[in-house]
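Per Swiss-Prot, the features are:
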BINDING   97  heme b binding site
BINDING   109  ubiquinone binding site
TOPO_DOM  107-115  topological domain 'Mitochondrial matrix'
TRANSMEM  59-80  transmembrane segment
TRANSMEM  86-106  transmembrane segment
TRANSMEM  116-137  transmembrane segment
């Protein structure tokens with residue numbers, strides 16, 4: 001009842017409730033427009049994981065999201081048609097996804113020039129070892145798809 005009294009007081013003042021409006025609210029964008037960004041700011045203050053690759057941060061972010069969607073699509077593919085192509089694709093996609101994810105954590109929490117360089121070398125070595133380990137497993141054992149099936153069997 002109190003909410004009805006409150007709504008009636010709002011309507012008396014000439015305002016329409018937001019939920020009953022048929023027009024969309026027009027707010028300012030949370031992101032600046034393309035022409036409003038100052039690209040002359042020193043890059044030392046901006047932490048982007050893609051600074052070494054030469055692509056913009058938005059393209060890098062888009063690539064990460066595409067890779068996440070590809071991984072989601074690989075789950076049914078691995079179940080429906082397991083094989084070497086899917087095994088090696090999953091190995092590559094998991095390695096890239098993990099590399100980018102841990103790289104973002106390192107970007108956020110590792111500070112100092114020497115520590116950042118050591119962290120980048122470490123993540124590169126870890127990602128390389130992960131990829132070659134998964135490829136070794138795919139080549140010399142049953143493969144990732146069949147290994148997951150074996151884990152879920154009784």
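Cβ coordinates come from backbone N, Cα and C, glycine included.
The Cβ of residue 109 (ubiquinone binding site) has 9 other Cβ atoms within 10 Å, all protein chains considered.
Helix first, then strand, then coil: DSSP counts for the topological domain 'Mitochondrial matrix' (107-115) stand at 6 helix, 0 strand, 3 coil. In sequence order, 64, 67, 68, 71 are the residues of the chain that are 6 or more apart from the residue listed as 'heme b binding site' and have a CB within less than 8 Å of its CB. Secondary structure at the residue listed as 'heme b binding site', taken from DSSP and collapsed to helix, strand or coil, is helix.
Over the topological domain 'Mitochondrial matrix' (107-115), the average per-residue pLDDT in this prediction is 93.
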